[in-house]
Amino acid sequence: MADIRTYNVVILGIGFLLIFTAFTTCGNIEQTVVKSLNSTNFTGSGYHSLGIIYGVFSFCNVLAPTIVAIIGPQFAMFLSGVLYSGYIAVFIIPSTWSFYFTSVIIGIGAAMLWTAQGHFLVENSDASTINRNTGLFWALLQCSMLFGNLYVYFDWKGKTEISDRDRKIMFIALLVISALGTLSFLALRKVCQQEELLSEEEGQSLLSTRLKYKQRATSAVTEAKTEFKTILAIFKTKTILLLSFCMAYSGLELSFYSGVYGTCIGATTHFGDAAKGLIGISGIVVGIGEIVGGGLFGLVLKNNRFRRTSVVFLGMVVHFVAFYLIFLNIPDDAPVVFQTSSQHKPYLLPSVSIALLCSFLLGLGDSCFNTQLYSILGRAFAEQSAPAFAIFKFIQSIFAAVAFFYSGYILLTWQLLVMVVMGFTGTLCFFMVERMQNMSADTQEY
C-alpha cells in the first residue's frame with residue numbers, strides 16, 4: 001500500500017513538472033511572442049490572456065471541489081491537462097478568438113487541476129507521510145521553471161526577431177511536453193479504501209453506476225454549500241482582512257515575475273541579440289530563487305513561529321532592492337512598447353548581471369511571502385485550513401489578473417511603485433496578525 005502511494009505521488013509530481021514546464025515557459029515568453037507575430041489579423045495581448053486565466057481561476061475555485069468530487073481527481077487532472085495542452089497549441093496557428101477562448105477554458109482547468117491535486121495528495125498520504133509527500137511534490141513542481149526556460153535560452157539566443165518557424169517549433173515542443181504530462185495521469189493507480197456506507201460484498205453490487213454518481217453529486221453539493229458558508233464566515237475575520245493586503249501583494253508580484261519582467265528583458269534594446277535568449281535565463285534564475293527560498297524558509301524555519309516576521313521582512317527588503325535595481329536598469333517603456341524593443345533609456349547602462357540578480361531576488365522574495373502566508377494561515381485556521389487557503393488563492397489570483405490587465409498600459413516606474421506601496425502595507429499587516437496570534441497563544445497558556 002505504501003509503495004503504491006509513493007508511486008502515485010512521484011507520478012503526480014512528474015505530471016505537474018511536465019505540464020508546468022510547458023505552461024510556465026509559455027507564460028514567460030507569451031507577450032514577447034505575441035508582439036513578434038507577423039499576422040495583422042491577430043490582435044490579442046499576452047497580458048490580457050494571463051489576466052483572464054487568473055481571473056477565471058479565482059472564481060472557479062468555488063465550483064471546482066464539487067466537480068472534482070463528482071468526476072474523481074484522476075479524471076479531473078487528465079481533463080485539465082488536455083485543456084492546458086489546448087491553450088499551448090493555439091500558439092502554433094494563432095487566432096484572436098481561440099487565444100481568448102482557451103484562456104477562459106484553461107482558467108477553469110487550473111481550478112480543477114489544483115483542487116484535484118490537493119485531494120489526490122491527501123488521499124495518498126497519512127499523518128506520517130504528508131510532509132514528505134508534499135515536499136517531494138513541490139520539489140518536482142519547482143523544477144518546471146528550469147527546463148523549459150533553458151530550452152528558450154538555447155533556441156532564441158542571438159535572435160532579435162522571433163520568426164513564425166521559431167514560434168511553431170517552440171510551441172510544438174511545449175505541446176508534446178504538456179501532452180506527456182497529461183498522459184502520465186493515466187498511470188496513476190487507485191488506492192483501495194473501505195467504503196463508508198456499504199461493504200464491498202453487500203452494497204457495491206446493489207448500487208448502479210448512475211445511483212453512485214447521483215449520491216456523490218448530492219454529497220458534493222452539500223459539502224460545497226457548507227464550505228462556501230465557512231469561507232464567507234472566515235472572510236469577515238480580522239485576521240483575513242489584514243492578511244488580504246499581503247495576499248494581494250503576492251498576486252501583484254506573481255504577475256510581475258511570471259509574465260512582465262521577462263517581457264521587459266526581451267524588450268531592452270541594449271541587450272541586443274542576447275535579449276530574447278535572456279528571457280529563458282531570467283526564468284531559470286527566478287526558479288532558482290524560488291527553490292532556495294522554499295527550501296530555506298519553508299523547511300528549515302517552518303516550526304519557529306517567531307521567525308515568520310523576520311522572513312517576511314527579508315522578503316520585503318529583497319523585493320524592494322530588486323525593484324530599485326530594475327527601476328535603474330530597465331527602460332521605463334519596456335512593458336508597454338509594442339515594437340520588439342524599447343525606446344526609452346534607463347538611468348544606468350543596462351546590465352545583464354543586474355537583470356539576472358533581480359530575477360533571483362524576485363524568486364527569493366516571492367518564496368519568503370508565500371511560505372510564511374501558508375504557515376500563518378495553517379496556524380491561525382488549523383481546523384479550517386481548506387477554506388482559508390481557498391481565500392488566499394482567490395485574492396492572489398484576482399490581483400494577479402488585475403496586474404496583468406494594467407501591465408500593458410502603465411509604464412514600469414508606476415508598476416514598481418504600486419508594488420512597493422502594497423508590499424509595505426502587506427508586510428505591516430502581516431506583522432499585526434503575527435502579534436495577534438502570539439498574544440492569543442500567550443493568553444491560552446495562562
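Including glycine, each Cβ sits where the backbone N, Cα and C put it.
Noted in TrEMBL for the protein shown:
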type     : residues : note
TRANSMEM : 7-25     : transmembrane segment
TRANSMEM : 45-68    : transmembrane segment
TRANSMEM : 75-93    : transmembrane segment
TRANSMEM : 99-122   : transmembrane segment
TRANSMEM : 134-154  : transmembrane segment
TRANSMEM : 169-188  : transmembrane segment
TRANSMEM : 239-257  : transmembrane segment
TRANSMEM : 277-299  : transmembrane segment
TRANSMEM : 311-327  : transmembrane segment
TRANSMEM : 347-365  : transmembrane segment
TRANSMEM : 386-406  : transmembrane segment
TRANSMEM : 412-433  : transmembrane segment
**OP:** Report the listed stretch (7-25, 45-68, 169-188, 386-406, 412-433) having the maximum count of Cβ pairs within less than 8 Å of the transmembrane segment (277-299).
**Re:** 7-25
Subject >> Chain residues outside the transmembrane segment (311-327) and at least six past its termini with a C-beta under 8 angstroms from it >> reply: 246, 253, 261, 264, 297, 301, 347, 354-355, 357-358, 361-362, 364-369, 371-372, 412-413, 416, 419-420, 423-424, 427, 430-431
Subject >> Positions on the same chain near the transmembrane segment (386-406), where near means CB under 8 A and six or more residues out >> reply: 47-48, 50-55, 57-59, 61-62, 114, 227, 230-231, 234-235, 240, 243-244, 247-252, 254-256, 259-260, 373-374, 377, 380, 415
Original post:
Counting Cβ pairs under 8 Å to the transmembrane segment (7-25), which of 45-68, 99-122, 169-188, 347-365 comes out on top?
Top reply: 169-188
Original post:
Out of 99-122, 169-188, 412-433, which stretch touches the transmembrane segment (239-257) the most, going by CB pairs under 8 Å?
Top reply: 412-433
**OP:** Sort out the residues at least 6 away from either end of the transmembrane segment (45-68), same chain, that have Cβ-Cβ distances under 8 Å to it, and list them.
**Re:** 27, 30-35, 76, 99-100, 103-104, 106-108, 110-112, 114-116, 119, 217, 220-221, 223-224, 227-228, 231, 251, 255, 258-260, 263, 390, 393-398, 400-405, 407-408
**OP:** Would you kindly list the residues that approach the transmembrane segment (412-433) from elsewhere in its chain, counting only those six or more residues past its ends and only Cβ-Cβ distances under 8 Å?
**Re:** 239, 242-250, 252-253, 256, 260, 264, 308-309, 312-313, 315-316, 319-320, 323, 326-327, 330-335, 369, 372-373, 376, 380, 403, 406
